[in-house]
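TrEMBL annotations:
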- Asp19, Asp21, Asp191: Mg(2+) binding site (BINDING)
- Asp19: active site, nucleophile (ACT_SITE)
- Asp21: active site, proton donor (ACT_SITE)
Amino acid sequence: MSSESEAIPPVQRQLIVFDFDWSLADQDSDRWVLEVLAPKLRRKMKDLKKEVQWTDLVATCLKELHEQGGTREQIEDALRIMPFHPAMVRGVSALKSRGKTTFFCLSNANIIYINTILQSKGLETLFDEIVTNPAEWDPSGLLKLRRRIDPSGPQHDCKVGCSPNMCKGDELDAFLKRHGPEFDRIVYVGDGSNDFCPVLRLRKQDIVFCRRYRGLYNLIQPYEDEGRLHCGVRYWTGAWEAEALLDQL
C-alpha cells in the first residue's frame, strides 16, 4: 500500500490535513522561539518535558521569557525567520490554486505562532480551518497560551497516545462532521507520534504523507508491515519530495 512510484488517482473532492511543526514548517515552533531568544529556557524545556504537560510547559516558559524582558516583537521576528522550505510553499500554493482541495491544519502548536508564520510566507489564506491551542497577546506583550482542552473540564479518552491538550483523531472526526458530505479522499501530512491517532482513522482510499525518521514513521512502519494500516502511505524526507507528492493530487 505504499509504493513510492504508484500514481495517486484523481478525485473530485479531497481534504488535505497538515500538521504544522516539522510537517508544513521545517522546525518546531515551540522550541525554535526559545532557541533564538532564551537558550536557558530552552534547556529548561528539554529537562522538564517528561514531567510537565507540554502545552503547560511552553506557557510557563513564555511567561518567564516575558519576565526576562522578551517582547512580542522579538517573538514575532523569531517566528518569521523560522525555517520554512520554499518547496513546501510552492507545493501547497499550487495545490490550493487547483481548487478541488479543502485545507485543514491540525497542530499542537498555537494559533499565534501558526498565523504569524503563515502570514510571513504569504500563506494566510491557505487553510479553511486551523485547530490548535489557543493563545493571545495581553496588553503587556505576554503571549498567554493554554490547552485546547481545558485541564479543569472533561478530558478526551484517547487510548492511542494523544497528549492531554488534544486528541487529533477526535478533532479530525469533528471536522469531517462539520464539513460534510464525505470527502472522496483525505490526505494527511504529518511527522509526529501525535499524528498516529488520526492516521489510524483513515480509510482505504485515503493516504498519509509521512515524514521519514520521526515519531510517526517509527509507529507506522510495523503497522504497515503487518497490514494493519487501512490507508495508503507515501514517505518523504525533504520538502522537495513533499512538493512532488502534492503535485500528484
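Positions of Cβ are set from backbone N, Cα and C atoms, glycine also.
What you are looking at is a predicted structure, and each value in this text was computed from that prediction instead of being measured.
A simple way to gauge crowding: the CB of Asp19 (Mg(2+) binding site) has 24 other CB atoms within 10 angstroms, across all the protein chains here. Cβ environment of Asp191 (Mg(2+) binding site): Asp19, Asp21, Trp22, Ser23, Cys210, Arg211, Arg214, Gly215, Leu216, Tyr217 lie under 8 Å away, each six or more residues apart in the same chain. Surrounding the centroid of the Cβ atoms of Asp19, Asp21, Asp191, where the record places Mg(2+), the chain contributes additional residues within 8 Å, namely Phe20, Trp22, Ser23, Leu24, Ala25, Asp28, Ser107, Gly190, Gly192, Asp195, Arg211, Arg214. All protein chains considered, the CB of Asp21 (Mg(2+) binding site) has 22 other CB atoms within 10 Å.
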